[in-house]
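Notes for the one structure printed next.
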There are 6 protein chains.
Amino acid sequence: MQDPDLLMDYCVADVSRTPSFFFNGELCIDTSLVISNHFFTSSLSKPGMTGNIFGSNTTTTTTKNLPGSNAQGLTMARIDLAPGGIVPLHSHPRGAEVVILIKGTQVMVGFVETKENKLYVQQLRPGDVFVFPKGLDHFLLNLDGATSATAIAGLSSQNPGEQVVPWATFQSMPNIPDEVLEKTFKVSAQDIKRIRKNLGG
Amino acid sequence: MQDPDLLMDYCVADVSRTPSFFFNGELCIDTSLVISNHFFTSSLSKPGMTGNIFGSNTTTTTTKNLPGSNAQGLTMARIDLAPGGIVPLHSHPRGAEVVILIKGTQVMVGFVETKENKLYVQQLRPGDVFVFPKGLDHFLLNLDGATSATAIAGLSSQNPGEQVVPWATFQSMPNIPDEVLEKTFKVSAQDIKRIRKNLGG
Amino acid sequence: MQDPDLLMDYCVADVSRTPSFFFNGELCIDTSLVISNHFFTSSLSKPGMTGNIFGSNTTTTTTKNLPGSNAQGLTMARIDLAPGGIVPLHSHPRGAEVVILIKGTQVMVGFVETKENKLYVQQLRPGDVFVFPKGLDHFLLNLDGATSATAIAGLSSQNPGEQVVPWATFQSMPNIPDEVLEKTFKVSAQDIKRIRKNLGG
Amino acid sequence: MQDPDLLMDYCVADVSRTPSFFFNGELCIDTSLVISNHFFTSSLSKPGMTGNIFGSNTTTTTTKNLPGSNAQGLTMARIDLAPGGIVPLHSHPRGAEVVILIKGTQVMVGFVETKENKLYVQQLRPGDVFVFPKGLDHFLLNLDGATSATAIAGLSSQNPGEQVVPWATFQSMPNIPDEVLEKTFKVSAQDIKRIRKNLGG
Amino acid sequence: MQDPDLLMDYCVADVSRTPSFFFNGELCIDTSLVISNHFFTSSLSKPGMTGNIFGSNTTTTTTKNLPGSNAQGLTMARIDLAPGGIVPLHSHPRGAEVVILIKGTQVMVGFVETKENKLYVQQLRPGDVFVFPKGLDHFLLNLDGATSATAIAGLSSQNPGEQVVPWATFQSMPNIPDEVLEKTFKVSAQDIKRIRKNLGG
Amino acid sequence: MQDPDLLMDYCVADVSRTPSFFFNGELCIDTSLVISNHFFTSSLSKPGMTGNIFGSNTTTTTTKNLPGSNAQGLTMARIDLAPGGIVPLHSHPRGAEVVILIKGTQVMVGFVETKENKLYVQQLRPGDVFVFPKGLDHFLLNLDGATSATAIAGLSSQNPGEQVVPWATFQSMPNIPDEVLEKTFKVSAQDIKRIRKNLGG
């Protein structure tokens, strides 16, 4: 998917307003009020909190913390993995992703394509780059049980979205009816109940 | 996602050739060889075979059976559901989908969005229409245990792709490493083994 | 033509508001107010009224009756043809169309390309599919003088537009100056007057 | 419609080759063989021949006479109108058009929109500019019965296409079945025969 | 770059309003208020004032003087060159440009590509056409020291933008720090001061 | 600018072939020959050589070193700045850029917009992010005369292009005629000669 293109040099998102209306885009500030700081953020400068059930944290630029990125068709993300931590299977409906390992020893990355469900897997060392094709399920796993890891990613949309497979399947709001999950995964109602419990809800 | 647009009236896919090269698109036949039949197919006219573990079958137009659809940015599909059958959770990375129930009594449809994992669910009777937003996980379930159902869908790409959640997660080739699935779904290695077995592989 | 792409999962059209402004798109409702019904419509479930000069009726999904289709890049249509009825020559400036005959015995479909004005014509039986390339003039004619016909179509835009040739040429508001029509079609002023009268205006 | 965008600075069309295959685009020459002349043409420098049934001639840049325009998303055209000449009703499926009258005294231009068939008409003097929205039927008529006129147009596609209404409706190859035209325009078979004869075929 | 495409026949820019908000696009007027004049402008009909340091003037259509061009993906421009005048090196970030020399004797045009900085140069006589690829630096120089020249250009965006090299480098607001210019061009601080002075600021 | 979108999950560039033809895109390998390594590169893992007249080096992913990035709409780059080094004024015609400082103490970044030539400047510390809007001239300068700096950038095209202002203006092949540069920058022939010499050619 490709974000709609620019009709002007930039359209700095207006983060101050409480919107009274919505549309497929973001309101922008008057260009005469634009300053350099609108194109700047330090929100990726600190490690994210990885003390959660997956042991990972992803911090992204958004039109809120980087208003100048509005309508520019890209996002940057910082991925922190605790020792043994995982960014679980997920997809970005609206963007491809290219990731570089900055810190760590060995991170496994992989994705699955749609025609034959082929899995592509690779191990990254610092400085290594991997690309996750647009819209496909992928994951990152820190194989090192003692050292944390950090990666930087570029994504090809200002709002790529993130459909996290365990959340979407087992922790939707409301829950997907059991019958659908039983028939989808060939599991039992007790399996579903147990998985939901383990996932925290 | 939006397919690249046309630079000509049509570009009828050349299905006769064994390609000696590949690119992001399809080779087309010489326009002087184009006939009406290239824009025609009867491949959706018969019910698909629903005697499988999900009790459903989806037949789509493709550039192979409908060569005139190449570069036109759309696909049509016929969905057959056996009594109690399901089109399991899946997404189309490159297309949105609008579906109309043609035959049947009651089909449940639903999808999950990415921000808060909200589930949207609806029950369809014949003539009812539902839209699945682009790239989001969705399903169709025939609630009638006695009557089959048939639906027709339009999709907004010539090749929307189909990432089927159970296949992508538990039946990829090769298998996604157990550690990734255990950490993603908080299940055990035995769970994974059992689910794979039940899914047929 | 390809609709501008999504910057979010969905942007459900706000049909309640009387707009105080307009732009190339639709206002959407606050995502917290979105419900399943916004992605649902039964507006294609009943046959349209075909008692008009052409003996046909096309009912389409729109952002008004299917607000969840906004920004998703597609439309679904139901085409009803009375015995001998016709959807007269028309084009969709912003969309391609794929149509499947659901009910009827024999419907003739065709379109004309722009380079050499080649006509492509086909006869459809129920279950048959045909694709009309984007922006080209096409028609559907129910060859059966006794039985009505119904078709379902997918179009590759949320608002493909419909330029109906007889209306655009002979029934525009105001009328196209006679001199233009005489020189375009090589007809006389009386011809034009008569044609307009026969077309109902 | 928007042409697919560039993945390089330019992709100069290869006009020397007899293609052995086709695709939605043009083959380009090796960039090391590109010269300035590929971006140049004098094909619009002479008046076109207007001694035909419409009294007009349109000469356009194409990827053949201006190979450097390939993949650049635009076309330029020269429109010559004999005294009283007309560019008959036509549409460009894949492009909008902006036209400026260079020479002449008074040219009427107009187009019809699709929702209510509203006609927009204007008279141009030299230096005046008019824009024809994408995909809509439009015409140009030289109101001066003694002086010729010349206009220059820019179009927003490398191959906008041109569906000329009289040709598409009455002079397609093969002819559109009379029944379709009779029902579309509410004319008789004799009318159709006469119109075809007057249009030259 | 390709402007976002239309979701309607046209979206005539609302030039009367003082905007209370901004977005990547233009507000449009209610379609019921659209008249032919919105698609018309005479703003290119008179020569522009070329009595400036470059001896040139470019007048373009905009959504302000040609409101009907909004969302149509194109612009037309009139370029006037005094004897010996120049349109200095500049680029259009969001559009390609095709230009035709209407009046004059000999105008040199050229552009530079990005891979190897190859320069493509051509001399135009009246009626000659040249295409400047999208986003690349280019210029037009009237080689005739006695006769003025006029050209018409089509550009593939409603707002292609214009980054004029001397202004962007030496006359930005505020000035680019001397250190950046010294290191970029390998010039001295005095050079920079002198160039700025000569450029008028 | 937005790269044409995917019609398949991925289209891994075929880097082995010496092309016998060219088009606006890249040839891909047979999907059955795709392996994980095609989505992987270590080409950004080592510092680039900064011993040149600017004291900087940019290493990017390309379809050659990261074939899986073909058609995915993005590029990743590693920018190395020597103490006091500069990435001189340049633009990316086909992409926006988001950059994060990984290593260093203080790097000045800035860009110039096209309407009023406003300069936006910022100083980055490690972890800070800045976005350069698409197609606009920008620079990066290492303000630290003792410590080198390294940044990682994401760009929104598989081939954004890079028009380096000093190269394009003063070192094109062949040279831009002196008259053009004199009139563009208001410099003398001797200035031009000297600048070219200082720039190394």
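Start at 1 and count along the chain as shown; that gives each residue its number.
Every residue, even glycine, has its Cβ placed from backbone N, Cα and C.
Feature annotation from TrEMBL assigns disulfide bond to D:Cys11-D:Cys28. The annotation domain 'Cupin type-1' is assigned in TrEMBL to D:42-193. TrEMBL lists D:His90, D:His92, D:Glu97, D:His138 with the feature Mn(2+) binding site. Marked as oxalate binding site by TrEMBL: D:His92, D:Glu97.
Here D:Cys11 (disulfide bond) is positioned 32 angstrom away from D:His138 (Mn(2+) binding site), judged by their C-alpha atoms. According to its DSSP assignment, D:His92 (Mn(2+) binding site) is coil.
Under 8 angstroms separates the C-beta of D:Cys11, D:Cys28 from a C-beta of chain F, among the recorded positions D:Cys11, D:Cys28, D:His90, D:His92. Within 8 A of the CB centroid of the Mn(2+) site residues D:His90, D:His92, D:Glu97, D:His138, the other residues of that chain are D:Ser91, D:Gly95, D:Phe111, D:Phe132, D:Leu136, D:Asp137, D:Pro160, D:Glu162. The Cβ neighbour count for D:Cys28 (disulfide bond), using a 10 Å radius and every protein chain shown, is 25. Applying an 8 A CB threshold to same-chain residues 6+ apart, the list for D:Cys11 (disulfide bond) reads D:Glu26, D:Cys28, D:Asn70, D:Ala71. Its Cβ taken as reference, D:His90 (Mn(2+) binding site) is surrounded by 21 other Cβ atoms within 10 Å in the chains shown. Comparing local CB density within 10 A for the binding-site residues D:His92, D:His138, the maximum falls on D:His92. For D:Glu97 (Mn(2+) binding site), the same-chain residues 6+ apart in sequence whose C-beta sits under 8 angstroms from its C-beta are D:Ala77, D:Val131, D:Phe132, D:His138, D:Ala153, D:Gly154, D:Leu155, D:Ser156, D:Pro160. This prediction places the mean pLDDT of the domain 'Cupin type-1' (D:42-193) at 97. Look at D:Cys11 (disulfide bond): DSSP puts it in coil. Reduced to three states, the DSSP call for D:Cys28 (disulfide bond) is strand.
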